[in-house]
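**Student:** One structure is given below, represented as structure tokens, and several questions about it will come after.
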Amino acid sequence: MAAQNGNTSFTPNFNPPQDHASSLSFNFSYGDYDLPMDEDEDMTKTRTFFAAKIVIGIALAGIMLVCGIGNFVFIAALTRYKKLRNLTNLLIANLAISDFLVAIICCPFEMDYYVVRQLSWEHGHVLCASVNYLRTVSLYVSTNALLAIAIDRYLAIVHPLKPRMNYQTASFLIALVWMVSILIAIPSAYFATETVLFIVKSQEKIFCGQIWPVDQQLYYKSYFLFIFGVEFVGPVVTMTLCYARISRELWFKAVPGFQTEQIRKRLRCRRKTVLVLMCILTAYVLCWAPFYGFTIVRDFFPTVFVKEKHYLTAFYVVECIAMSNSMINTVCFVTVKNNTMKYFKKMMLLHWRPSQRGSKSSADLDLRTNGVPTTEEVDCIRLK
């Protein structure tokens, strides 16, 4: 079998201890990587794994705190206030929902797997498949949402005379983001399972991840290349082209006619937003490129890692760096781009000071609404 953690596969041959080989219905091997397979050699006791465990623990704790709290604040403020609702923020909300679910559901299980139990899954096959699936769906939702945001910004800035998306089109786009992500992530749940990784002092270390049969190696590699193209290379190239064209429009093209203060303010707002989005794209590439690169080398050039004792530890660190990208997205979208905290504080004040509600202006009272996204400029949030 080729074992896969997250959405990647381990292709080398692994020979489990003879006392346990008969209980396994598949051929599965880490032997080429010289992983510890007996009580005399435990990779979880090495200094390398100890350092990796600290890095992984800090990353997962950061994801749970930043993405859990930050995305909750954003979703709550977006639900409460009409002024925060436009197409861009609705797309960001989908990214926030997926990251929030990972932070509160997947990360606690992964903290237990990587840090507490040190590479041993104790929660059963169903949860193993569910956690793998949810994490993979979240990645694809994030990627597709970022791509949709880039295209939306491109159309709004480079082709301002073209009509913007209406409510029905926006709803269809959001549904498409989720449906594509849900469908192409199905193999991460279907092939997810548990198996004995190695034995330490008569205790089994249970691996949780995707395991593809040996006779389906070609299918796995084809699937991975499809994902690599559709969910990484394609979106990155498209977003880069969109932001390059937008940058030319905002920074290098002269604006005809007299520029009023309102026009200059709108231009500053658009530049600020595009800079944030470009930083998010850069962070996405820096976080996920090592993960995909590591996976390509491991699955297509396995001899590179032959006899590399700390291979698996290195992969887990690379995987955690990739997952940490969600923290960068949350910080940028919640604290930089949107003034979300200002609206969240206002919401808290309205909740804890009910006596002041009667003195609120009609503009404030109009904030609680289910209206369709508008295109006004408000604190650089509206982006026409």
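Note: Cβ is positioned from N, Cα and C throughout, glycine not excepted.
Since the structure is predicted, the reported quantities are computational estimates derived from the model, not experimental observations.
These came from Swiss-Prot, pasted as-is:
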- Cys128-Cys208: disulfide bond (DISULFID)
- Asn7: N-linked glycosylation site (CARBOHYD)
- Asn27: N-linked glycosylation site (CARBOHYD)
- 76-89: topological domain 'Cytoplasmic' (TOPO_DOM)
- 158-171: topological domain 'Cytoplasmic' (TOPO_DOM)
- 245-273: topological domain 'Cytoplasmic' (TOPO_DOM)
- 335-384: topological domain 'Cytoplasmic' (TOPO_DOM)
- 55-75: transmembrane segment (TRANSMEM)
- 90-110: transmembrane segment (TRANSMEM)
- 137-157: transmembrane segment (TRANSMEM)
- 172-192: transmembrane segment (TRANSMEM)
- 224-244: transmembrane segment (TRANSMEM)
- 274-294: transmembrane segment (TRANSMEM)
- 314-334: transmembrane segment (TRANSMEM)
**Student:** What are the helix, strand and coil residue counts for the topological domain 'Cytoplasmic' (158-171) according to DSSP?
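**Tutor:** Helix (H, G, I), strand (E, B), coil: 6 helix, 0 strand, 8 coil.
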**Student:** Applying the under-8 angstroms CB criterion, which one of 55-75, 172-192, 224-244, 274-294, 314-334 scores highest with the transmembrane segment (137-157)?
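**Tutor:** When the Cβ pairs under 8 Å are tallied, 224-244 comes out ahead.
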**Student:** Of all the disulfide-bonded residues given, Cys128, Cys208, which has the fewest Cβ neighbours within 10 Å once its own Cβ is left out?
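**Tutor:** Cys128, out of the disulfide-bonded residues Cys128, Cys208, has the fewest neighbouring Cβ atoms within 10 Å.
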**Student:** Should anything in the same chain at least six residues away from the transmembrane segment (172-192) have a Cβ under 8 Å from its Cβ atoms, list it; otherwise answer none.
**Tutor:** 4, 6-7, 90-91, 94, 125, 128-130, 132-133, 135-137, 140-141, 144-145, 148, 165, 208-212, 223, 226-227, 230-231
**Student:** Counting Cβ pairs under 8 Å to the transmembrane segment (314-334), which of 55-75, 224-244, 274-294 comes out on top?
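**Tutor:** Result: 55-75.
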**Student:** Quick one: average pLDDT across the topological domain 'Cytoplasmic' (158-171), no decimals.
**Tutor:** 83
**Student:** With DSSP as the reference, give the number of residues of the topological domain 'Cytoplasmic' (245-273) in helix, strand and coil.
**Tutor:** 20 helix, 0 strand, 9 coil
